[in-house]
Amino acid sequence: MELKGEKFFWFLLLLVFAASLYHLGGWGVTETSEARYAEIPREMLEAGDWIYPRYLGILHFDKPPMTYWITMLSYKIFGISEFSARFPLQLAFLLQIFIVYKLSELLFKEKDTALQSAICYASLPLVLMSVRNLTTDAYLNTFTLLTVYFYALYRKSHRIPWLLAASVSLGLGVLTKGPFAFIVPVCALYPVNKAFPAPDLWRRHWLAVVFCGILAAAVGGSWFLYLIRQSPEFYNFFIREQFIDRVSNADSLKRSEPFWYYFAFLPLLIFPCLGLLLHWIFNVRKKPSEANRLGFFTVLLPLIIFSLSSSKLVLYILSVSPFIAVCLGKIFSGMGSKSLSRVFVFNAAFAVLLYLVLILLSFNAIPNLNFSVNVPMIAWLVFAGIFLAVALKLFLQKKLSITMLMLFLPLIIIPLSTNYLSQIETEIGSPKPVSEFIKKEKPHSSVLAWNRVYNSVAFDLKKQIYSIKYENYTLNRETRFQPDDSWKESLLDINTPEGQQQVRSLLGGDCVFIHLKREKIPEEHGWILAELPQEKEFGKYIIRYR
């Protein structure tokens, strides 16, 4: 059995999309990033304002608005929920797989290679993380990938509309995460130009090139320029604080990591394809020059650039993942029998180990993790076992077997994991059980949060909550752009007499007080607990009320 043809690719896309939608809203949005990116568009939609992002009632300009706009559109169509917050990510995932397939086919002119690239991409844990948790990174990845693909089409066809499309995509990337959208497309220029030589193309189309540069700047800079026109202070905020400080002074954001950080984590982030990567590294001189060139400029070079920045988070390198997959697809399609056997053993061991861990989890054989076994969980485990058995039985058809083992993660593990996530919400940073209790027992109460913002609670309850600031740098909100002092009504500084008075006033009414179990309320503020004698625990969260 061979993995060939457009029909198989479309069938694969359908399977991956269906698996990604299973139980998608089954667990609450998680603190802090996902909850923040879900709550901001909710508040913007509630205010009817598509220009000024709001975060717990305070204007928030740390990120451009593209992610918020996409999420707001989903809210308008499906209503405000965990599903609607995550649904556009699944569409982005589908589009990314399709573009990886088309880009690989364009560069290497082989449908088999294109299919292997798409399969590699769909199996990457780094990619799967990005589309199961709402942040800006999956959308930035989509726009940068589209930019490179459209530019490659332009180089091949010499048709200016593709260059226009690349410019718009690049601009939308800037509207998603600022200047970081340039890194991978700029690095990709050389290998794409080498793949489609046309020495005089830019000279012949110089007017279109200039126009497209202006177009990209206009699209990408539109929101920034609008705000800067409203207040010149935005220029200093965006350029110095949000760009320069993030690159050179990560301590201000508590994200400083050593240079080798990404290189150390990369093997885990692409694990089902790690065998292919190791084969490529150890045989790099024997591999096609086009794959090596593409890998150097679109994977290694961006990784070095990202590593030079002092601010590091795992998803920052997401935009190199499509090119890892494109290169590994080329390597995979050209591997011999002995090399395929080694990769098969590697992937089979990984899949079997993963399946055994899931069985142990399901039957509470791992300490401190207790799950209730239900019918969907058992059904998925049985299906996973059958899928794995078939993949292992096909070991003589190594490419097919390895492909199935790679797809074990997106087709089986991801949907199966939702059954676990819904049972350990509080442990993964989602206080949704707290919100459900408040909605049922104290629906009209004011909600006070100790030393935290709890975006997810505001999202679930669809109302403003009050944050009591004690000693938490994340509550040092940027308020210079506020038109008045109304923000002080929801951000209460307990270290000031004014803040204490506001808290006492709220405690005098119907209210609920939330804090982490590990955070002890200081003795000097014990009067808060005295006002709220009843207590209930939800995992790592404690709520108090009367």
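Glycine too: its Cβ is placed from the backbone N, Cα and C atoms.
Keep in mind the model is a prediction, meaning the values are calculated, not measured.
Here TrEMBL gives transmembrane segment for one range in the set 43-62, 403-422: that range is 403-422. Only sequence-distant pairs (6 or more apart) were considered; of these, fewer than three Cβ pairs between the transmembrane segment (160-193) and the transmembrane segment (344-366) are under 8 A, so the stretches are not in contact. Across the candidate stretches 114-131, 259-282, 314-332, 403-422, the maximum count of CB pairs under 8 A to the transmembrane segment (344-366) is reached by 403-422. Distant neighbours of the transmembrane segment (378-396): 1, 344, 348, 351-352, 355, 358-359, 362, 404-405, 408, 411-413, 415-416, 419; these residues of the same chain sit at least 6 beyond its ends, with a Cβ under 8 Å from one of its Cβ atoms. Counting only same-chain residues 6+ beyond the ends of the transmembrane segment (7-25), those with a CB under 8 A from a CB of the stretch are 81-84, 86-87, 90, 93-94, 97-98, 101, 114-115, 118-119, 122, 131, 376, 407, 410-412, 414-415, 418-419, 422.
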